[in-house]
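In TrEMBL this protein carries:
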REGION    B:1-25  region 'Disordered'
COMPBIAS  B:1-11  compositional bias 'Gly residues'
TRANSMEM  B:31-57  transmembrane segment
TRANSMEM  B:63-84  transmembrane segment
DOMAIN    B:119-239  domain 'Palmitoyltransferase DHHC'
TRANSMEM  B:165-190  transmembrane segment
TRANSMEM  B:202-227  transmembrane segment
REGION    B:311-536  region 'Disordered'
COMPBIAS  B:396-407  compositional bias 'Low complexity'
COMPBIAS  B:414-429  compositional bias 'Basic and acidic residues'
COMPBIAS  B:431-444  compositional bias 'Gly residues'
COMPBIAS  B:477-496  compositional bias 'Polar residues'
COMPBIAS  B:505-517  compositional bias 'Polar residues'
REGION    B:574-668  region 'Disordered'
COMPBIAS  B:588-601  compositional bias 'Basic and acidic residues'
COMPBIAS  B:602-619  compositional bias 'Basic residues'
COMPBIAS  B:646-662  compositional bias 'Pro residues'
REGION    B:685-767  region 'Disordered'
COMPBIAS  B:712-744  compositional bias 'Low complexity'
COMPBIAS  B:748-760  compositional bias 'Gly residues'
Amino acid sequence: MAETHSLQDLRQAAVASKVFVQRDYTSGTICKFQTKFPAELESRIDKQQFEETIQTLNNLYADAEKLGGRSYLEGCLACLTAYTIFLCMETHYEKVLKKIAKYIQEQNEKIYAPLGLLLTDPIERGLRVVEITIFEDRSIGSR
Amino acid sequence: MPSGSMSGGLSGPTSPPHPTVPSRPLRPSRYVPVSAATAFLVGATSLFFCFTCPWLSEQFSVAVPIYNGIMFLFVLANFCMATFMDPGIFPRAEEDEDKEDDFRAPLYKTVEIRGIQVRMKWCSTCRFYRPPRCSHCSVCDNCVEDFDHHCPWVNNCIGRRNYRYFFLFLLSLTAHIMGVFGFGLLYILYHTQQLDRVHSAVTMAVMCVSGLFFIPVVGLTGFHVVLVARGRTTNEQVTGKFRGGVNPFTNGCLRNVSHVLCSSQAPRYLGRKRKAQTVSVQPPFLRPQLTEAQLAAKVLDNGIQGDLHRSKSSLMESQSADAEPPPPPPPKPELRYPGLSRGPAGHSEESSLLNKAPPTPTMFKYRPTYSGPGKNHTALTHAYANQMSRRDSLKESSSSLLQSSQQPGYRSEPSLDGHEGGGVERSGPERTGGGPGGPPGSGITGYSLGGRSYPSFSDPTVLAGGASRSSSVRSSHNAPPSEATTSTSYKSLANQTPPPAPRNGSLSYDSLLTPSESPDFELAVPEMSPGRPRTPVVGYSSPYLSAQIAQQREAELHQPCAYSTALLASPQHAGYLRGSTSSPPAPPERERERLLHDSQPPHHHHHHHHHHHHHRPPRFSRPPLLSDSGPSQPSYPYRTRSTDTPLPPTTHPPRSPHPPPLGKSLSYSSAAAAEMQYRLVRKASASVGGGGIQAPKDEIQMKSYSRTNGQPKPSSTPSSPSNPVSVSTRPGQAYSSAGSSQSPTHKPGGGVKKVTGVGGTTYEISV
């Protein structure tokens, strides 16, 4: 993917720290992240907002892993075509992952970047953690 | 069929796209089984098609070769998918994720899954705590999600992503073999007069091959059918993780089967294109505006969702004020992130894991051992943060002990005691630099049972790493080349099967606890300090606890009243002591019940009371579990709580006294310790509903920490400053005494008691 580095990117704030929101395994191995508000974000973001983001992610993952008619049909079709269907068709999970990536991008642009935070798609970490990068706030008169 | 291409393809983690997976050296021997399997499969089927099918299609119908053709195609497709598909390999964690130094982090982290404690092990290769059901394959050198096993016949790990194909491969192969054999037999039966023909000979050869492979394949298929129905992986079945226990990962037979067959294809983690970050983050940044009401609400929040740390820190501060000067703040993890300032909030955050999920890794730095939600970790954590360096094994042992101790229904596994004792002793000297005591967990000798179960002790790698315990605990586990799949770690784990039956329904997944401990625990209580308040909370062993206990023991033995008087003299404790003395059984009972997830409180009460009456005298004469003051103490025969009492634990196994073993040892502890724990538990339970159970773990962990290094005690140790005995006030002394007391406890005592566990297993407990 071509990466364009604009002059703006060069002025990207320095990374102060990273917070890792771990998986919530209380309901088993389904993909679910803890909605507990990390302490480091205390002063950076609304608790409500954070929880909402995580909850939406959890819902999306739950939808991806849902055992429904759709996934069953997908499985049958794949079986019948000796799995060659995977070469042309995108699985349900992948579709949801794309949706999640888009959602995270949107959240970053609208909410997190202005607050000096950045969410990383958990798929890059093997769906183990949601990495939130906290940027250094060098502005003196931050509101 | 070129085996090299097949096996050298995408089956291994060496696929180039993802840079985080290192390439492995080529090992030709790995490809022998898969080559053989492929050769037999394709070769035999081809011969069947060439020699047997033509006649069959003419004689009977063309459907025969078509059916066989489709079946063969199905087998091949599943075989290829099982071979080439990424089983669910986790990419290595990036450096940022592992902020703490290796030797600081606990080896295990516990999470609760549907009420059952499951232990997550730190993977030193991949540098993260393995999610539940994840295992590191030594052959592939990767952590695989929902690891089933490494199959040599496909030369690939079977994990979450390709288990379905592997299962279907087995099913289809069974059907295929039956088809080939059956049709071959049909051919032979019709050609009994022409057996000298080539076709017949070939058909007979094919029949032999298929007949030969039929038995193991059917066996394996049947095995996996059972596994799928039960919702287990091969790994879990073979290591006996759920033997006699409850499988937290099962959703019922039907749902398990549909999950395997009908769930959407899980995504690949490796080799994904990393999206370029197009969002630019530049200051000035907005800040959230909190109204006063919001702030107030946060403080009043009962903490479930994370504002606990506020109340926690306030609690901790008040607690510190009561006890002793707050310990110096732990070293900030600023090494990588200089801009970050962690205050008490950071620490308290660690402990405020109410929802029983692992805390964010940032907290691990301060957390001596992770034991799930640890409410009162903060204060203790502070103290321990300074003492990181070699305590890890202790940490782990203690944490695991804590965990185990908190899990009712676990039986000690004495057979490992010797092992563990050795390990413990080994670790002891290194840890305290002379104090022979074993890991703090072992201090909780009775509880050390838990230690036996955790790999940190029984795992040969850990034992081997005992010598290098000063180095990072985690890294010590690097010594063994393989983990997970191979038998090494699992064998050690397998020895520690969970207790047979859930006493109170919540079984520790990793069988850290031993049920026999519970009975002893209760028994110990009355004897320890009949007139003293019993330690309400099991896990709250502070570093001083052992010292205190030792002191107390000594005092009791020699001057029954002196110590308690001294303790009572301390202003801080007076109130608590009195208060707790007034109803010794009540607080501990309450705390225990609260601590236990699904305990059966009535049983506990019965237990405690029952045991109180029975075991008072012998208890008193026994050395404390947690450690004695040292040379004056006789060797402590029992390493487990169960050994303490003359009453065979067998009588108690069915009812698990839920208080963790720690609690038992606490009963021995001095009043101060009890009071401290009580206070901690109170605060913990007040602030966090179910957090109490974690507190004891923290206590124990703290204890281990304090034991290992003479760092300032955690603020939660109330008795330390006022304790006339120098134990508490002098950390080094305390630790050394604690340490020294540890070792005797671990040495095998005079006798070995055999205890029968619930599941019929017999444990030998050294008495």
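Glycine is no exception: its Cβ is also placed from the backbone N, Cα and C atoms.
Just so you know, TrEMBL annotations never went through curation; they're auto-generated.
Since the structure is predicted, the reported quantities are computational estimates derived from the model, not experimental observations.
Here the transmembrane segment (B:202-227) lies next to the transmembrane segment (B:31-57) in space: the count of CB pairs under 8 Å, restricted to residues six or more apart, reaches at least 3. The average per-residue pLDDT of the prediction over the domain 'Palmitoyltransferase DHHC' (B:119-239) is 92, rounded to a whole number.
Taking Cβ pairs closer than 8 Å, the transmembrane segment (B:63-84) reaches residues 6-7, 9-11, 34, 38, 41-42, 45, 48-49, 53, 56-57, 151, 154-156, 158, 162, 165-166, 168-169, 172-173, 175-176, 179-180, 183 in its own chain, all 6 or more past its ends. Away from its own ends, the transmembrane segment (B:31-57) comes close to residues 1, 3-4, 6-8, 64-65, 68-69, 72, 75-76, 79, 83, 152-155, 173, 176, 180, 183-184, 186-187, 190, 198-199, 202-203, 205-206, 209-210, 213 of its chain (Cβ-Cβ under 8 Å, at least six residues beyond either end).
According to DSSP, the secondary structure content of the domain 'Palmitoyltransferase DHHC' (B:119-239) in residues is 69 helix, 19 strand, 33 coil.
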